[in-house]
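Engineer: Here's the feature list from TrEMBL:
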| type | residues | note |
| --- | --- | --- |
| DOMAIN | 10-97 | domain 'Ig-like' |
| DOMAIN | 108-191 | domain 'Ig-like' |
| DOMAIN | 213-303 | domain 'Ig-like' |
| DOMAIN | 306-394 | domain 'Ig-like' |
| DOMAIN | 400-480 | domain 'Ig-like' |
| DOMAIN | 484-571 | domain 'Ig-like' |
| DOMAIN | 588-683 | domain 'Fibronectin type-III' |
| DOMAIN | 685-782 | domain 'Fibronectin type-III' |
| DOMAIN | 787-889 | domain 'Fibronectin type-III' |
| DOMAIN | 893-989 | domain 'Fibronectin type-III' |
| TRANSMEM | 1011-1032 | transmembrane segment |
| COMPBIAS | 1042-1061 | compositional bias 'Basic and acidic residues' |
| REGION | 1042-1149 | region 'Disordered' |
| COMPBIAS | 1122-1133 | compositional bias 'Basic and acidic residues' |
| COMPBIAS | 1140-1149 | compositional bias 'Polar residues' |
């Protein structure tokens, strides 16, 4: 009542729709109501000019209203068709309604026409045109015969424009009365077209040739369709073919929108409700039968009439000197234009106001003064429509007043939340101040004081102080904190023999200042009217118990603020000897009922089943959501086994079905029969998507992604997301888009690697979710545009250098800094003989490093290098290449070291300089020492050689002695690794490898010994005797292993010599008596592979392609080894040389 006395500009509260279709048989009523102080007066315009209602006897205005009433009893309604606009004004401003286009409903007849009979052969397609007259609004079309609606199927159906389609006609389609009807809803009239006669020619049993599908509508391979945002999109595809084609729909660029898309008319029509921009794209319908398929693509584009982004502008109440903003922010496709009017006059023609500044869709008021009150109209329009909104600016100077009644008493139960209301009004808006100490109190913006967890100490008197520049106002309210009502002793589960008494106790504690009421129920109903039932203050007694007394008893204690309840079951048994106890799982509960139904809660009660001698420990309540997860049961809650009721907290927009399971000591019962379905109403989402993040996939985009809500979290149909972003910079505005059926949105045209603030809010058909928190992200990276500066190098030694640089500024990196890369390469050695090297090496230093080590460098070399920064996109430009030199290091080993001209007491060493000089060679050091037969090293001799020498002859060496040589090169840094060689003083001048020289040395040493020569002669004589014995036995016709092998098979294998019969497993007797191949020993006692390749370890006897006396092929029995390294154990009939015999002996040893 106080607010109604304050000055207030007019506000339109009710008006007729923009497109107003009237029934020509009834009076025309055009609504226009408004409020304001003083109450506004009304006027009308018609077709843009003033409409004088006083001069028209058929027109009147309702009292205290601007509603226009036209009496059409004497005139035709069509005379009053036109565009109307209502104006409400008082001394503080003028508000205007939207343009109301009034049109008379029309239901014209079909034009007279003569319709020819249609005769078609069976199996072909057919289209019956409807072609209804143009009505207002458009009529509802349907086909009938003279009695009933015509049946439709996937073969026969009505199209969106009313035509009747047959994919293929059958004999049964012959009819004389195909009639198209048009029903006009406003006038409640039905018009009909002339009947169409169709005759289908009988195929006389002939086989109907099948045909593949082709589309009757739409035509061509593709078509285009435009739809307005928020409207319903309907697309249809009707095909001919035999057999009748099946129609299916897909969206090429994504999935069909869940919950909004439905296939109708036997899948021939795809309908999408509440179209949004995300529904644009290519849709494809496919007609398919057993002969083939046909496809048609429909390209859908979505435009939009203007729609609010943040809601319509809100009224402003300002005090003189305050600032305020009117925002009229909307979107549309194409982008709408914004125009402002003040009191119905274009703002540019309105009186100038220095406190007002218009910036596109915003009016900013700065230091407003009295007399600036007005009503502002914001008109946002494009080719598809417009939005018109009134918002007043009311400049008031009012001292504060508290609207909450004085001395109001608020009561609350302890540990509950208490809200102490303190609403105030004033201009400027008063601030509320409450001085309290102790528990955390919360003061809300509307002046309400919240005590989150009220305790006894919070009881008392509270003072609300409202203050602005014009004064102060105080009001006192009281808070009383009461003790909760609690049942201290619950009634116990009872098993009583018939005829005995039973007592249920229910001891309760409650606040003494609250009036309690104890109520007992039996099976949720009142107690029987029986004197056997005695109710005391804290108990219920039942005397002489009967079978009918069995059931669930509940005690309920109510106060004016709260209540508590507890239940127990009474089981009545016969007074008989106790049988053997059998424990089983309980029977399932029964009689599930839903009571106390609220938006987000319901109370479930049930009757427990037989516990089978094991008390029920608890009940498990499960639910099924038939809307989202039909067939899946989920655990909801558990209650103790003594209770048979549960208060269930529910989620919005779920179709709940409940069931209960009982648990005793044996196990769970079977589920109860489910309850009836309980549908909770939808609500705005309680939460927003999580995992909001922003990143870029290109240098000029920002990908905003999030984890979408589940169907249960959606709280209602039409789930979509309001995606908001703005650059993290002062003065940046939020940009908002709506995204459905997706979990990401790509923002194009962003600056490179710019920080953004992001928000994603869940919205459904019931409204938006809570205000989402701000997440942070960055747009896409691009390659760095700058190279490191002040690049320098510090050479630490001949193989290690340290590179330094200044970091690249963050804004020039244009991305997440990953690190720096040093490219370096060896140009050439500083030694004049070495060529250039251009092979690059790269070292990567992750993170924000400003220096790095270059290891493994070549000494005495010239290097070039540059440094580059890199981010997640790649590398930036290289710094200016710089060079540095590494100092001299120790050289590598000589390239080669060979022994030439060996004599009995001298030899010559030749070598080649190191491949890697690593500096200037200053000379060579040669060390050598003798090695005896047991590989013990003798004394070392050292010889210094000049840098230009490449050979040296060593004299006065010991006769037939093995020497080991070490040769290394030197620079100023020191000596490098040595090249080694071994040799034996002898008369052979050939080159010797280390291994061959060592072996030859051992051969000479042994072969020159007399005892060894005698041993070898004995072995040769023994072999000769064995051969003679074998020849003698063979000439006597003895059967040898080779003969046995020939008799057995023709695929021989090597057979070792048998010790028991002194025979060879592989023996051949050459009749041509080829001489035995002997081995030659060089004059100096060494063995060379090129001069002595014939030995017992390498060859068997005889040649390839020889036959023995019985005609067998000798070649397969020859003992020739496949490899010299695997010749152990092989023997032949050759006469061995001493040296080869020595080798054989060594191999055995």
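Yeah, the Cβs are placed from backbone N, Cα and C, and that goes for glycine too.
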Engineer: Out of 10-97, 108-191, 306-394, 484-571, which stretch has the largest tally of CB pairs under 8 angstroms to the domain 'Fibronectin type-III' (685-782)?
Structural biologist: 306-394
Engineer: Which numbers of helix, strand and coil residues does DSSP report for the domain 'Ig-like' (213-303)?
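Structural biologist: Split by secondary structure, the domain 'Ig-like' (213-303) comes out as 3 helix, 56 strand, 32 coil.
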Engineer: Within the domain 'Ig-like' (10-97), count helix residues (DSSP H, G, I), strand residues (E, B) and coil residues, in that order.
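Structural biologist: Helix, strand and coil residues of the domain 'Ig-like' (10-97) number 7 helix, 47 strand, 34 coil.
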Engineer: Pull the DSSP breakdown for the domain 'Fibronectin type-III' (588-683) and write it out as helix, strand, coil residue counts.
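Structural biologist: When I sort the residues of the domain 'Fibronectin type-III' (588-683) into the three classes, I find 0 helix, 50 strand, 46 coil.
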